[in-house]
Amino acid sequence: MEFQGPVLSSRELEDLNQSTGIDDRKIVYQPIRLKKLYEESNEGELRQAKLLTANGIEPIGIGSSFKSNILSSLLNKENETKFLIFISMYNEDLSMLEKTLSGIMRNFKHFKNVGVEPANIACVVISDGMKAFYSKHKNANNHGENSPQSKSKFFNFEEIKRAFPLAYDDLSNCRFAGQTNDDEFAHTFTQNFVFPENPDEELQLIFCIKQENRRKLNSHFWFLHGFCKMIDPKFVQFLDVGTIPNENALVYLYQALLNDERIAGCCGEIAPIYTGWKNLVVNAQIVEYKFSHTFEKSFESIFGYVSVLPGAFSAYRWEALQGPPIEEDYFKPILKPELMNPYESNVYLAEDRVLCLSLVSKKVPKPKKSYLLRYIKRSVAETDAPDTLGDLISQRRRWINGSWFALLHFFSSFEKIFLSNHHWFRKFIFFLQLLYFGVTTVFQWFLIGSFFLIFAFTVRNLPNSSENSESDLFTAQNIILIIYSSMLLMTLLTSLGTKPQKISGLLYTFTFIYGIYMIFELALVIMYLYDHNFFLSWVCILAIQTAAAMIINITINCSFKSIFRGIFQYIFLTPTFINVFLIHAMCNLHDCTWGTRPDNPTEKEKENEEDFKIFRTYWLMIWVFTNTGFAYALNFLHKNNKGEGYVYAMAAAGFFILLVRFLGGIVYIIQEWFYDIKSLKSPIKKKENSIFSAVADEEKIIKIETESFALSFKDRPLNQSSNSIVNRPASCLKAFSDGNNSDHEKSLELFISKSCNVEEGIDFDSKIKKIKIYQSGIMSDRV
């Protein structure tokens with residue numbers, strides 16, 4: 001049953017906030033809806049409305065308007081919004097949100113050094129769906145992170161219940177008068193957010209709870225086409241809840257965008273939070289993330305096209321995100337849901353990759369402009385990585401399938417770059433990058449077969465082994481390979497229709513066995529090279545050069561500590577990353593949900609479920625057949641001493657890819673050193689070590705504080721018992737600062753003692769001292 005709540009007017013909402021103890025200086029509640037624009041079309045006797053875009057937000061209510069709060073201030077552009085931050089949320093613990101906000105506010109002092117005040121920064125938190133959010137946070141106890149005290153920092157369910165009384169028992173059923181099925185509305189709570197440990201810094205915060213769960217891309221739609229179209233920021237920052245930017249991280253991204261108009265978007269490094277050496281899964285991810293940024297993102301950045309700017313930590317130029325083709329490409333699942341077949345649905349599992357291609361290929365005729373993407377190494381944010389194997393596999397299923405089909409989308413849409421405004425030489429560089437992506441795509445497709453081949457070659461070349469031998473050793477070799485093949489088959493079977501969280505114990509068993517095989521393989525390789533004097537061969541030289549290249553790259557990126565923490569765990573889990581993750585991803589191509597969230601398929605997805613499964617079946621058959629055939633063919637040639645050329649060619653190609661990445665990493669470091677962006681060198685401006693500059697700064701601060709101090713008492717009621725200067729605060733302070741009152745010190749002390757309220761927490765002694773210094777400075781200047 002659906003409940004329809006009466007919509008409150010602006011006056012009623014004002015009374016509601018006051019009755020719940022919420023005023024404009026604290027948290028202000030207001031329901032809003034997305035302003036959608038439709039195009040009507042007639043198909044036969046049916047009239048259909050096609051969603052074109054959204055053009056801002058509007059308050060809900062008869063004759064209602066935006067309340068006087070943080071949101072209305074931003075919409076009215078009372079201060080220029082230079083940096084608008086978006087935090088995507090589902091129903092995560094509020095402690096994760098507090099960590100993210102704390103990281104944001106630690107950047108404030110550095111923002112001030114580059115001319116950005118807190119009034120120029122705002123933050124929008126969007127939670128995707130009331131049902132999951134309410135069920136998670138409605139039963140608060142008196143302790144821990146979900147306590148009422150903690151929740152009152154951001155929202156108040158009681159206010160929503162008062163605004164929608166017929167949905168009092170279940171806020172997931174809120175509806176407003178006249179609501180249609182196409183309407184989308186949300187509940188906003190606005191405030192100047194302050195951490196108790198740092199009361200001097202305020203963050204303009206809008207906490208928005210969408211009534212319906214429509215997934216993360218829809219939250220981006222709300223942010224960009226709802227809030228940004230009305231606030232009109234200069235730059236926007238994407239964060240996931242739980243991602244904690246380091247002290248200078250946001251400033252580096254801001255400065256990169258500010259100082260180079262060619263950059264449409266940029267990202268920094270995401271580093272999993274270290275939780276101790278015992279956590280095998282997290283430590284392996286630390287190394288994996290570090291390798292990804294050191295070898296891949298830095299290499300792609302020198303081309304000007306980074307294949308993915310992660311939505312968890314990336315910044316964009318708002319101007320670049322407006323207009324075609326961004327809207328049509330990035331929000332295709334929302335604007336054209338009828339086109340979302342199984343292929344397109346998998347592409348948009350990595351919608352951030354689609355956005356990157358659209359930005360680079362965007363054509364701006366007037367003025368003629370083209371955009372680039374960049375990786376900013378110095379900008380680092382920490383995040384809570386999945387700490388269980390089941391959650392990690394679910395996450396990687398979405399990443400692998402999304403990145404794979406997004407690469408296919410890149411190949412099929414590459415002509416857009418040739419039609420863009422880029423210089424012909426830049427287009428040639430992009431073409432070289434296309435070739436590189438093509439080679440790596442082929443390697444990824446045959447990765448399972450290649451990994452099996454490496455192990456099979458190693459086992460079959462054990463010392464004292466013979467092709468025609470029927471010895472126990474030869475039998476042992478076959479047994480080892482049969483067990484390994486059986487493990488691959490069992491991984492395939494368990495990945496078909498089984499949630500990884502349900503078979504966590506079995507997956508850890510697979511991981512342990514694969515890890516033992518990895519250690520065994522490394523030992524066999526060392527033995528084989530030693531017995532065949534391969535330490536003097538070209539194969540060994542390639543291996544040494546590869547290791548040296550990796551060590552040099554790690555050294556110049558100052559990554560030894562991170563690598564050392566998890567390199568052994570990473571090696572142990574490498575077969576799991578390859579075998580389990582890839583097999584599970586291919587076996588679940590029909591699943592286009594988020595993966596790490598309890599995300600239910602839409603009605604349209606339920607109707608097309610059979611089509612998605614057929615799509616999965618065909619792709620899985622082709623993938624298994626090609627990998628099996630590839631491994632069998634090369635293994636057969638090797639057994640007949642005819643496959644060494646192919647093996648060496650594979651090794652040389654793999655080394656070539658590593659060499660290219662290594663050289664790209666070196667060029668990136670050099671480019672960063674000499675790149676004409678001041679923020680990449682030092683965005684934190686240091687003050688001059690001069691007594692004159694120090695005096696000037698102090699005088700400026702004192703003057704501002706003097707004037708603001710006077711203004712704070714401007715509207716105070718006069719003391720009717722006397723007409724002395726102390727009963728006219730503004731006049732008293734003005735006379736004092738002008739130096740016209742011969743008894744100014746006494747007047748000031750009387751003024752403060754009689755007119756100030758100590759409970760307001762003003763440091764009066766400090767104020768008096770600073771104002772006296774300022775006044776004496778004025779007098780000395782006049783002398």
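Cβ coordinates are placed from backbone N, Cα and C, and glycine is handled just like the others.
Here TrEMBL flags 431-459, 479-498, 505-529, 535-555, 567-586, 617-634, 646-670 as transmembrane segment.
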For the transmembrane segment (646-670), sequence-distant contacts whose Cβ falls under 8 Å of one of its Cβ atoms, 6 or more beyond its ends: 294-296, 298-302, 375, 377, 436, 439-440, 443, 450, 453, 457, 539, 542, 545-546, 549-550, 552-553, 556-557, 634, 637-638
Ranked first among 479-498, 505-529, 567-586, 617-634 for CB pairs under 8 angstroms with the transmembrane segment (431-459): 617-634
Residue numbers, six or more beyond the limits of the transmembrane segment (479-498), whose CB comes under 8 Å of its CB atoms: 448, 452, 455-456, 459, 506-507, 510, 513-514, 517, 579-580, 583-584, 586-588, 624
